[in-house]
Amino acid sequence: MFRAAAPGQLRRAASSLRFQSTLVIAEHANDSLAPITLNTITAATRLGGEVSCLVAGTKCDKVAQDLCKVAGIAKVLVAQHDAYRGLLAEDLTPLILATQKQFNYTHICAGASAFGKNLLPRVAAKLEVAPISDIIAIKSPDTFVRTIYAGNALCTVKCDEKVKVFSVRGTSFEAAATSGGTASSEKASSTSPVEISEWLDQKLTKSDRPELTGAKVVVSGGRGLKSGENFKLLYDLADQLHAAVGASRAAVDAGFVPNDMQVGQTGKIVAPELYIAVGISGAIQHLAGMKDSKTIVAINKDPEAPIFQVADYGIVADLFKVVPEMTEILKKK
């Protein structure tokens, strides 16, 4: 039986949609936009209403110009000051609060990266609202879906806060198109630096391999590699596949590789076209960070390893024999 909505209900729904507005906090490196910001913009457009982006930094004109071309954005707000050089949460929060107050945004969001996870809880606390972390779907402007229990269950969260503050899992939303947009650009509200923290320096490891969360192919190693030196087997294979290299928490805790390579619930969430798990047993925390990969290949000598339960292809064999053989075959192609 079909029941027509009352005119008053339709007017309220239309009014609610009309007054929805979302502020996306852009993550960037001054000259380039972090890919997860494009995924976050897609999530923001699902809410309905106007989407704006806030770009804070130093000499970030190029990023602002690039964002103006992104589909789905109505306005780009730019704030440039030496205080924003390191994108510290202590300095960005007053800027975000002032911007929200000026435009009365109903939603504030950022990618669920280290940047977003550090910034948004502080913003939410200052607004006296509860943040929603790592959402994977949007059901309505006040209803979101996130994973719990290491990805084994879905939790639907209805948020009644005056301002909804949430972080977005990048792998759950397509990247917004980087062309076709015609957003306007203007200066954001100026705020005085709080000077609680001081940005000194940042030293990043240089690599010819793609960044882990944005790579189309990822090769990850676990405790089965037995040492950090043996990760060279994975580096050689990754070079042939133009892949990024990751690791399980067990490998990181054992000191084989640095923690910025960790894939899993407490590490990085990846969803590449191809994920090759080498010597990884498949703890639930690791699976939570890679199970959305399009194709999963597992190499482990233990046929009962949990990783085989999520793998599309499994190789039960000694990794120290199989991986070099794979590398040699690829070299000949």
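Cβ coordinates come from backbone N, Cα and C, glycine included.
Swiss-Prot has this to say about the protein:
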| type | residues | note |
| --- | --- | --- |
| BINDING | R223, S248, 263-266, 281-286, N300, 318-319 | FAD binding site |
| MOD_RES | K59 | N6-acetyllysine |
| MOD_RES | K69 | N6-acetyllysine |
| MOD_RES | K69 | N6-succinyllysine |
| MOD_RES | K75 | N6-acetyllysine |
| MOD_RES | K101 | N6-acetyllysine |
| MOD_RES | K139 | N6-acetyllysine |
| MOD_RES | K158 | N6-succinyllysine |
| MOD_RES | K187 | N6-succinyllysine |
| MOD_RES | K203 | N6-succinyllysine |
| MOD_RES | K226 | N6-succinyllysine |
| MOD_RES | K232 | N6-succinyllysine |
| MOD_RES | K232 | N6-acetyllysine |
| REGION | 20-204 | region 'Domain I' |
| REGION | 205-333 | region 'Domain II' |
| TRANSIT | 1-19 | transit peptide |
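The two recorded residues, K59 (N6-acetyllysine) and K187 (N6-succinyllysine), have Cα atoms 13 Å apart. Summarising model confidence by region, the region 'Domain II' (205-333) averages a pLDDT of 95. Between the C-alpha atoms of Q265 (FAD binding site) and K226 (N6-succinyllysine), the distance comes to 22 Å. Cβ neighbours of V263 (FAD binding site) (same chain, under 8 Å, six or more residues apart in sequence): L212, V218, S220, G246, A247, S248, I269, V270, H286, G289, M290. Q285 (FAD binding site) has K226 as its nearest neighbour among the modified residues K69, K75, K101, K187, K226, going by CA to CA distance. Following the DSSP three-state reduction, the secondary structure of K187 (N6-succinyllysine) is strand. Checking each of the recorded positions R223, K232, L319 against K69 (N6-acetyllysine) by C-alpha distance, the shortest gap belongs to K232. N300 (FAD binding site) sits 54 Å from K101 (N6-acetyllysine), taking the C-alpha atoms as the reference points. When the binding-site residues R223, S281, A283, L319 are compared by Cα distance to K158 (N6-succinyllysine), the shortest distance belongs to A283.
Counting only same-chain residues six or more apart in sequence, the Cβ atoms lying under 8 angstroms from the Cβ of K75 (N6-acetyllysine) belong to E50, S52, C53, A183, S184, S185, E186. Taking CA atoms as the reference points, K139 (N6-acetyllysine) and R223 (FAD binding site) are 39 Å apart. L319 (FAD binding site) and K226 (N6-succinyllysine) have their C-alpha atoms 11 Å apart, to the nearest angstrom. On the backbone, the CA of R223 (FAD binding site) and the CA of K232 (N6-succinyllysine) stand 14 Å apart. Considering only the recorded positions K101, K226, A283, K232 (N6-succinyllysine) has K226 as its nearest partner by CA-CA distance. Distance noted between the C-alpha atoms of K101 (N6-acetyllysine) and K203 (N6-succinyllysine) is 35 Å.
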